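Per Swiss-Prot, the features are as follows:
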- 15-91: domain 'Carrier 1' (DOMAIN)
- 1404-1478: domain 'Carrier 2' (DOMAIN)
- 1943-2017: domain 'Carrier 3' (DOMAIN)
- Ser52: O-(pantetheine 4'-phosphoryl)serine (MOD_RES)
- Ser1439: O-(pantetheine 4'-phosphoryl)serine (MOD_RES)
- Ser1977: O-(pantetheine 4'-phosphoryl)serine (MOD_RES)
- 3-547: region 'I' (REGION)
- 1466-1919: region 'II' (REGION)
- 114-146: repeat 'I-DR1' (REPEAT)
- 310-321: repeat 'I-DR2' (REPEAT)
- 378-390: repeat 'I-DR3' (REPEAT)
- 454-462: repeat 'I-DR4' (REPEAT)
- 477-491: repeat 'I-DR5' (REPEAT)
- 1495-1527: repeat 'II-DR1' (REPEAT)
- 1682-1693: repeat 'II-DR2' (REPEAT)
- 1750-1762: repeat 'II-DR3' (REPEAT)
- 1826-1834: repeat 'II-DR4' (REPEAT)
- 1849-1863: repeat 'II-DR5' (REPEAT)
Amino acid sequence: MISGAPSKDSLLPDNRHAADYQQLRERLIQELNLTPQQLHDESNLIQAGLDSIRLMRWLHWFRKNGYRLTLRELYAAPTLAAWNQLMLSRSPENAEEETLPDESSWPNMTESTPFPLTPVQHAYLTGRMPGQTLGGVGCHLYQEFEGHCLTASQLEQAITTLLQRHPMLHIAFRPDGQQVWLPQPYWNGVTVHDLRHNDAESRQAYLDALRQRLSHRLLRVEIGETFDFQLTLLPDNRHRLHVNIDLLIMDASSFTLFFDELNALLAGESLSAIDTRYDFRSYLLHQQKINQPLRDDARAYWLAKASTLPPAPVLPLVCEPATLREVRNTRRRMIVPATRWHAFSNRAGEYGVTPTMALATCFSAVLARWGGLTRLLLNITLFDRQPLHPAVGAMLADFTNILLLDTACDGDTVSNLARKNQLTFTEDWEHRHWSGVELLRELKRQQRYPHGAPVVFTSNLGRSLYSSRAESPLGEPEWGISQTPQVWIDHLAFEHHGEVWLQWDSNDALFPPALVETLFDAYCQLINQLCDDESAWQKPFADMMPASQRAIRERVNATGAPIPEGLLHEGIFRIALQQPQALAVTDMRYQWNYHELTDYARRCAGRLVECGVQPGDNVAITMSKGAGQLVAVLAVLLAGAVYVPVSLDQPAARREKIYADASVRLVLICQHDASAGSDDIPVLAWQQAIEAEPIVNPVVRAPTQPAYIIYTSGSTGTPKGVVISHRGALNTCCDINTRYQVGPHDRVLALSALHFDLSVYDIFGVLRAGGALVMVMENQRRDPHAWCELIQRHQVTLWNSVPALFDMLLTWCEGFADATPENLRAVMLSGDWIGLDLPARYRAFRPQGQFIAMGGATEASIWSNACEIHDVPAHWRSIPYGFPLTNQRYRVVDERGRDCPDWVSGELWIGGIGVAEGYFNDSLRSEQQFLTLPDERWYRTGDLGCYWPDGTIEFLGRRDKQVKVGGYRIELGEIESALSQLAGVKQATVLAIGEKEKTLAAYVVPQSEAFCVTDHRNPALPKAWHTLAGTLPCCAISPEISAEQVADFLQHRLLKLKPGHTAGADPIPLMNSLAIQPRWQAVVERWLAFLVTQRRLKPAAEGYQVCAGEEREDEHPHFSGHDLTLSQILRGARNELSLLNDAQWSPESLAFNHPASAPYIQELATICQQLAQRLQRPVRLLEVGTRTGRAAESLLAQLNAGQIEYVGLEQSQEMLLSARQRLASWPGARLSPWNADTLAAHAHSGDIIWLNNALHRLLPEDPGLLATLQQLAVPGALLYVMEFRQLTPSALLSTLLLTNGQPEALLHNSADWAALFSAAAFNCQHSDEVAGLQRFLVQCPDRQVRRDPRQLQAALAGRLPGWMVPQRIVFLDALPLTANGKIDYQALKRRHTPKAENQAEADLPQGDIEKQVAALWQQLLSTGNVTRETDFFQQGGDSLLATRLTGQLHQAGYEAQLSDLFNHPRLADFAATLRKIDVPVEQPFVHSPEERYQPFALTDVQQAYLVGRQPGFTLGGVGSHFFVEFEIADLDLTRLETVWNRLIARHDMLRAVVLDGQQQVLEQTPPWVIPTHTLHTPEEALRVREKLAHQVLNPEVWPVFDLQVGYVDGMPARLWLCLDNLLLDGLSMQILLAELEHGYRYPQQLLPPLPVTFRDYLQQPSLQSPNPDSLAWWQAQLDDIPPAPALPLRCLPQEVETPRFARLNGALDSTRWHRLKKRAADAHLTPSAVLLSVWSTVLSAWSAQPEFTLNLTLFDRRPLHPQINQILGDFTSLMLLSWHPGESWLHSAQSLQQRLSQNLNHRDVSAIRVMRQLAQRQNVPAVPMPVVFTSALGFEQDNFLARRNLLKPVWGISQTPQVWLDHQVYESEGELRFNWDFVAALFPAGQVERQFEQYCALLNRMAEDESSWQLPLAALVPPVKHAGQCAERPPRVCPEHSQPHIAADESTVSLICDAFREVVGESVTPAENFFEAGATSLNLVQLHVLLQRHEFSTLTLLDLFTHPSPVALADYLAGVATVEKTKRPRPVRRRQRRI
């Protein structure tokens, strides 16, 4: 202040006001650059140049001076006179002092103290993460400046100055969501690119590449890299400056300051000093304190307003933003010259509108026009720099806030719209203190704004963005770009040298081509129009649709042509004269030529006339499908009447309603249809009618008169009749015949019902052309097998149906290799969505066939558009409508009747001569749907569509309550009307749910107990639950953390109270000294009171004086770091909610660690065990409020899968995610969100409801919770409730902060709880308490009433046809309403999102078969309630689970084929394929404990493993070996050794050896002492690994495993585990590792002994021999099995001495894996089939022949015992699977899956046996199949080799004899993980690595790009040239192969036969194959040993496999002997082949 001047407080009010007004006037003159004479009291300040930003600054000035004005008031009257009146009306007495706050009040940034982000900064930081939608970019500006003479040293010096001046340039952004100041900023100086001497071409290329690299740069803000300057030096002293700035550190308003200061420094000027005592951290703390009350008000304001907000801009997209992997933005710029801008802003000011709001209104209007909206939610950027301190004005920081503005875009003049928006803005701006970021988060939580508000408007008018200087040393801004995460289009307006720059930065990849360009052009035209035409402000916005688009519409709709003459039926009678003997129609009963058909029709017409039918009468046809329908139709038309087809398949009452509405004169029926008659209307059977005399003179009608009336569903409950003229229908039929050359050679399969208008073309189109109808009977309408027979028998050439039926045909034919579709030359589909896959699938049968997609409406004569499809482009999202048919037209219209621009969705209108006459006898509905405009008569379809730029029409679905379901058009209103008439329905509404294939869902509010059934308690549930509990286990009652330890922590660590110190009765000074925020006062007072009780402080009356005492040293380890956490919370630097995630201090952890928690959980486990025995099934336990699942994990660890099915329900999505991760390894655990849909899905299912410290927390939020729990429980269920009676000391340091210091208000004693239970009709049977933790056993009521949807469906079926009865019925207490009281349909639809779809109440399985299937699906798929609509594969099923399912169904007495499940994956459809069979009396599982330690036979696979490891075999000399290396921190070797020995004792096969060709379990083995290695370097560890990884374990000596440990200096311990597949298969290894992990983690929890052994399993009679049918099936396949992949090899396999395996491994992250499985399910493929097909695609590209066979490893455990999946053993079987490439990848994959399902049906025949048969068939020694696929998917071991385990996998390898390449796949931690183990020496260097890269790339592509599934294989992986198997090297010829044939003597043959009998125990004839005679591979090993003893010393094991019969072997031995005698060469090392 000036010395001597009076302070404001000393001025009298009048003088005070006068001084303020004078200051206002002077500052306005200066700011607006006016003279005093130019500024009048009535001058419009906005017109004078006052913009939005300056207005906000003036508002701050007014408030700082004590005038409580609002922004709305300043905008309302922007003149000095009006503002003066406002000042006079407000008292200025409460003006704020201009004094600076105390420096210590607002702390500065320091290196050690991070501080919070603003909401916008937080959004930027999280949004930039790569996993976020449109993430992977920062909020980033890249700008180039072009100038002269700037040097790097000048620039660097200036930036260094700014670094010292602005602390925000030192900021780094931490992963925990905070920012921190770095004393040394991250800046490496200016990077210089010297291009002064480059030629022009290379210089430009360099600059382009530099721009490409820098323009979308993601700066490393986490280390403080927030800006960067690079300088390019150019010739002639020119330069280009490249600037990168992350907007986390500065907003656009700070740019001006930044560049101004930088330019000043470069110009040699000095900068004024700034106040360093107050920085951005100070500002944020200051702002938080001042704004807190305003923030609460603002939050309430926005939450109240939220439900009324309009949608965000709805622009056409080509892809979902979440699928876009990279963000690359494009800039568009319009520069408005100063003079034109002056005109624009001046005119805006005249209407009291700022230029900013005028621009925002124009921008919104363009968005609205292309989004079909009248209002939208615009994301407006605010530069919300509050002048809290003088230092703020010169501060560089991000002050950004966002405001979501409800913007009016249409329906008024431009000026009025802008004023309305400005008024809304001023009101919203006053409530900006609850940021738009937070509002958006709330809106997303409500699932209303899935993309947020992705279109942003930013205005920086009134200042330059880059510098306010006229001359800038930096240069002029030229090319630039910005990015903001999650933003689609970002609009920026700013001034530059008097001009205004309007820029759009957009992510064009999201939008259709040229769309953004079109929008920007429209925006520029609006701005130019408002600049040029003053009157435009007083008019609505001019239409923005481009003229070029209108011209294209006119062209494609120019369809006029001559109109066909005559009546609809006349052409058929002309054909009858021309070709009377030609076939006209055939069905199962009749086959008529044209003469017969027309004769019958004439006779029937004659009888109609006799019955009194007059011209124009309506005659109903109600009969089942057949040739008689044609007679009836033609007869009615000949009689001059109108035919009215009325379906027989609907309730009689509805038929009668149609008859009455249509004034039907007579009903034509079929005499076989007993129920077709009418009570009130005459009926006539066509069979009787054709006995009459034919009509003599057919009645002639005008072509414009009606031909037929088709009734469709009506919204009022009454069906509506569409009246179609002869001319309209005839035009369509003739057009289609001409377009597709339909003629006498054609036959059509007439599938459509007569009341479906596709039948009109079948009859009048095909017969008019001389073709014939092949009619299906009523029972064949859904039977593709019958269709194929009819198509083949009658040579059908045309197909005309809804898409679903054609899909059914293709699926059938693909599955059964039926080539029937090749007969169809033309396929016409319409009536519903057409799958993108259908054209290619059809052309796989007939490449040159015509595939025609058509559309239209019954109201427009069958069809109105057609599109012939050749190839389906990858970018298509659906099959389009195409173009209008002849004499027909289309419009796409918005709500105001305007044509929609290209790509914009609107209602489809149809015009032309096909438009119906209207609805019969319903003028009101006719007027609503049929519009007569000056140009044309139009039918409003209610369909949504859009135009493409070339004039193609795309169909997008329905907009009203009329839907298409299964091809039927249904008015939802008719269903709602029928529902409302049912007794017991209070209110109801109906929706069609699903994206394309719709399903009807009814939401019903029932009355009283309507549609109810009563359930009673299961007698197996106990009446007294405490009888199951037993005695509560003993426990220590001392808490983990004592009160004394808590007191120590509070006194010394947190409050820092020293002995003798007096805190004072008022805690505020203490809080101030510790910088504790005022809101924590209640908490601090509670702590002080606690310290008094602990005798650490004296009472408050004595000032809380600290008592004498010393700090204890035995601090609990959980306190480590907790003081820092609490200090940050108390100071406001951290949110207290972070405690919820604290591993030690969350309320959940504190409750879990309470000493009574473990005994209670153990008691609950005991109850579950006892109850499971009583129920003879797993107990269904639902935990409500599961949190992160800590207690659940402890419970599940004490139970097995046969005892519990656990469902955890949790409100918090974050905690739900944590719980899913924690419980991922428990197959019986499922987790769901706590919401209405989940509750409905689990209704009446829980045997036990568990509430662990949750009831007190949930009850206040939901007072009806106890009633809800009743709905979850079965009658008589147990509520197991655990609740604290009082707060524990440790909770003072956690829970207290989360409950506002008053947690006890939520806690109750046992009497209070018992009263609550009793009031809710529960019976509290028992209670207990230990150390303050209470436990209640509460019984639910024994009787419960529930709603039964089937009752309602049955009632509806009496009023509606079957296709109109909703498949889903959802009972609700009330329908949800919007803010304006209407039904909230969006809320209802959200119940059926894909996530909620599985949880919604739906059509329950019906009948015993469906229920049996449903029960098995629930068990196998680990899912909740399945419905009749549930799809096995979409629910997670795969081929493995499918195989298990068929086996279990067989045990239940049903014949089930895998192929049926693949073809019919919907539950109801699959159940219909099952056939009841007589199952032999099931043999009980034989357990032979007395034979447990006796030898038993090896399986075929075990024998192959054993024989194959012999050193002489090709690729032998290795074991079937699995090796894995783990690292483990803080290894407890004793514990590990104990656990391993327990597992040895538990599992017999860990004690097994192989002796004399048999396996045997040892009864006793010595304790395993784990060998240890002390190692000093990682290299030593690697040497140990290498030695162990490739060892061959001796199966004859125990142990046949190896487990060793290595200690490496400074590293975690290493654990090496070797297992042999000879004794353990892959699943056994998963079980073993899971039990090892669990045992080591929980050593006190012992696993129970197993009641069954592997030996028992193998001895079961059902496993002893393969099914004869399977043997025959494989025998029939032998000639069609191709060889193994012919891959390029480095050498022949037999040349590899000892194979050495190498590994490649990879993974598909959980997101992509989930997406890939979802795509697989949608394509009805299992995940394994997809992976096999991807792998085969790669192999096929490298193989010499594209077809080949793979060897599949199956872990084939037959479900012979409930605990079969807990035992170890080698259950492996092998199965061959062939790959045959098809037209596309998808087709190939589907074919592979079809073969897979067939092969699995016959998997009881091993691949080993099949390969032997192949060898015999091909007369070769062996047919190897050395390329192996091993899938462990579906085994629910998500913890297998998981990195989260204590045993963390580091490295692994497997090896198998005779295998070249083994691809293994498994799931772990939500990911797909896979390995390739291969013989390294076998393949050229780098080849397998290249194949692996291709596989990984293709796998990712399949997950990301759905269109790639349709591509040919060569487009995915190009074939490799010269791929072949050692093609350049001739095979070696061994001497034995070239020896002469010498016959053996009979004695040798006899000797071999005798030896065989001795070894095998069976006889063999001389010429009989050893294997066919009963030998195994192991027998041949034994035979080899025996024959060597008989003087055949040169005989090798391979010789027996090469010459596998006595005579062949004897012949060979004779030849060898001869050669030995004559040549006596040096012995040749024999090469062995794989068996």
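Cβ coordinates are placed from backbone N, Cα and C, and glycine is handled just like the others.
Remark: secondary structure over the domain 'Carrier 3' (1943-2017) totals 46 helix, 0 strand, 29 coil, with classes taken from DSSP. Residues 49, 51-54, 134, 252-253, 256, 312-313, 315, 321, 355-356, 359-360, 363-364, 367, 378-381, 383, 402, 484, 486-495, 500 of the same chain sit 6 or more residues outside the repeat 'I-DR4' (454-462) yet have a Cβ under 8 Å from a Cβ within it. Mean pLDDT, taken over the repeat 'II-DR2' (1682-1693), works out to 93 on the 0 to 100 scale. Sequence-remote contacts of a segment are chain residues at least 6 beyond its ends whose Cβ falls under 8 Å from one of its Cβ atoms, and for the repeat 'II-DR5' (1849-1863) they are 1505, 1508-1509, 1513-1527, 1585, 1589-1590, 1614, 1621, 1687, 1693, 1699, 1701-1703, 1735, 1824, 1826-1830, 1841-1843, 1874-1879, 1882, 1888, 2034-2035.
Neighbour density for Ser1977 (O-(pantetheine 4'-phosphoryl)serine): within 10 A of its CB lie 24 other CB atoms from the protein chains shown. Long-range contacts of the repeat 'II-DR1' (1495-1527) within the same chain: residues 1554-1560, 1585, 1588-1593, 1595, 1611-1624, 1626, 1629, 1655, 1658-1659, 1693-1694, 1696-1699, 1701, 1770, 1772-1774, 1806, 1808-1809, 1824, 1826, 1841, 1847-1860, 1879, 1976-1978, 1980-1981, 1996-1998, 2030-2035, each at least 6 residues beyond the stretch ends and with a Cβ under 8 Å from a Cβ of the stretch.
Broken down with DSSP, the repeat 'I-DR1' (114-146) shows 9 helix, 9 strand, 15 coil. With helix defined as DSSP H, G or I and strand as E or B, the repeat 'I-DR2' (310-321) counts 1 helix, 0 strand, 11 coil. Broken down by DSSP into helix, strand and coil, the repeat 'I-DR3' (378-390) contains 1 helix, 6 strand, 6 coil. Taken residue by residue, the repeat 'II-DR4' (1826-1834) breaks down under DSSP into 0 helix, 5 strand, 4 coil.
Residue counts for the repeat 'II-DR5' (1849-1863) under DSSP, split into helix (H, G, I), strand (E, B) and coil, are 0 helix, 10 strand, 5 coil. Helix, strand and coil residue tallies for the repeat 'I-DR4' (454-462), in that order: 0 helix, 8 strand, 1 coil [DSSP].
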